[in-house]
Amino acid sequence: MTKKIYVIRHGETVFNSERKLQGHCNSPLTNKGEAQARSVGAELKKHLSGQNYQVYCSSLGRAVQTANIICEAISFPQLNLLQDDRLKEFSLGAWEQQTISDLVENNPNLLDQRDWYLRAPDCEPYESVRNRLLSWLSELPDEQDVVVVSHGLTGIVLRGILQNYSYQDVWLQDLPQDAFFIVENGVAERVNCKLIEAVA
């Protein structure tokens with residue numbers, strides 16, 4: 001079994017800053033998002049020293065952009081970065097590219113439930129995302145640590161699988177962009193990262 005899995009969410013994107021849902025659509029990282037990725041990379045490097053590991057990421061642009069910045073920080077060859085569609089965010093159907101404020105205006109009680117995202121028309125079902133993550137996990141090599149750059153919702157489902165969480169507990173987790181999680185033997189440790197600004 002894989003020893004440690006480092007679960008990372010992509011950095012802040014333009015849509016994140018505008019409070020828009022992304023799902024399978026994409027927007028690039030903001031300057032802050034790039035700084036978050038550098039910060040995660042710098043902290044991650046301390047934990048990976050001397051270890052045998054592989055880096056994976058979602059095939060969506062924001063995750064690839066984040067992963068490339070992290071690879072540079074940890075001196076991992078970008079050519080060896082493995083992109084996988086199974087790590088993509090939930091498809092949020094008709095709500096993609098809409099602002100949360102507009103959605104709440106039309107659905108005043110929308111945010112009462114932590115899994116409100118799944119009420120989107122044509123949203124990808126939870127079990128579909130869970131099954132594609134289980135498929136990805138089943139193919140990981142034994143005795144090799146894994147760094148994975150994914151998304152907010154997909155990330156909490158992945159962490160939930162690794163910690164054997166109930167559906168309800170999955171949605172109680174947070175979705176940070178300035179921290180990552182080290183999951184080992186069913187237990188997740190949060191590692192906060194100090195923001196590193198770009199050098200002019």
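Residue numbers in this text run from 1 along the chain shown.
Glycine is no exception: its Cβ is also placed from the backbone N, Cα and C atoms.
Curation plays no part in TrEMBL annotations; they are all automatic predictions.
Bear in mind that the values here come from a model prediction, so they are computed numbers and not experimental data.
The active site, tele-phosphohistidine intermediate annotation in TrEMBL covers His10. The secondary structure of His10 (active site, tele-phosphohistidine intermediate), as reduced to three states from DSSP, is coil rather than helix or strand. Neighbour density for His10 (active site, tele-phosphohistidine intermediate): within 10 A of its CB lie 32 other CB atoms from the protein chains shown.
Under DSSP, Glu89 (active site, proton donor/acceptor) is assigned to coil, being neither helix nor strand in the three-state scheme. Note on Glu89 (active site, proton donor/acceptor): other Cβ atoms within 10 Å of its Cβ, all shown chains, come to 27. Per TrEMBL, the feature active site, proton donor/acceptor maps to Glu89.
Listed in sequence order, Leu29, Thr30, Lys32, Gly33, Glu34, Ala35, Gln36, Ala37, Val40, Arg62, Gln65, Thr66, Ile69, Gln177 are the same-chain residues six or more apart from Gly11 (substrate binding site) with CB atoms under 8 A from its CB. Look at TrEMBL and you will find Arg9, His10, Gly11, Glu12, Thr13, Val14, Phe15, Asn16, Arg62 tagged as substrate binding site.
Arg62 (substrate binding site) has a Cβ environment of 27 other Cβ atoms inside 10 Å. Spanning the listed substrate site, residues Arg9, His10, Gly11, Glu12, Thr13, Val14, Phe15, Asn16, Arg62 have a farthest Cα to Cα distance of 15 Å.
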